[in-house]
Amino acid sequence: MGCNFSMVGSKSTETAKKIILLLGLDGAGKTTFLFRLRDNEFSETVPTIGLNIEEIDYKGTSLTFWDVSGKSRKLWKHYYDRVDGIVFVVDSSDPDRIEDVNSELANLMLEPTLAEVPLLILC
């Protein structure tokens, strides 16, 4: 896993499309981050149930974010096959859940399907 979104900012006239999987424990701030990115302001959010999909255009690249509920961690693996990158959000103000974060990150790092998928960790 690395941290390289090579198509972002590409000068190609064709719009590049990337699917970004947004993961993290429940309550970590995934949806808050996504809405801030989309609207350039903080919005009120409610916990995600299942999947929230948002598309954001950035410098000629269409980024489709799959915001997956942190309570549905056993289902995360069903999204791995089609993603171009992962953003993992960590609530660094919640030290009681650091062990859970470590466990989930370790699972991601060991997943063969994700061996070549860039990973960004937001704290």
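Even glycines carry a Cβ here, placed using N, Cα and C.
Under the heading GTP binding site, TrEMBL lists Gly24, Leu25, Asp26, Gly27, Ala28, Gly29, Lys30, Thr31, Gly70. Among the features that TrEMBL reports, Mg(2+) binding site is placed at Thr31, Thr48.
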*Could you list the residues of the same chain, at least six apart in sequence, whose Cβ is under 8 A from the Cβ of Thr31 (Mg(2+) binding site)?*
Thr45, Pro47, Thr48, Asn52, Asp67
_Between the two most separated Cα atoms in Gly24, Leu25, Asp26, Gly27, Ala28, Gly29, Lys30, Thr31, Gly70, the residues recorded as binding GTP, what distance in Å do you get?_
11
*For the GTP site built from Gly24, Leu25, Asp26, Gly27, Ala28, Gly29, Lys30, Thr31, Gly70, further residues of that chain with CB within 8 A of the site's CB center*: Val89, Asp91
*asked:* Taking DSSP as the reference, which of helix, strand or coil describes Gly24 (GTP binding site)?
replied: strand
*If one looks at the chain holding Gly24 (GTP binding site), which residues at least 6 apart in sequence have a CB under 8 angstroms from its CB?*
Lys30, Gly70, Phe88, Val89, Val90, Asp91, Val101, Glu104
*Given the binding-site residues Asp26, Ala28, Lys30, Thr48, Gly70, which one has the fewest other C-beta atoms within 10 angstroms of its C-beta?*
Asp26
*Local backbone state of Thr48 (Mg(2+) binding site), from DSSP in three classes*: coil
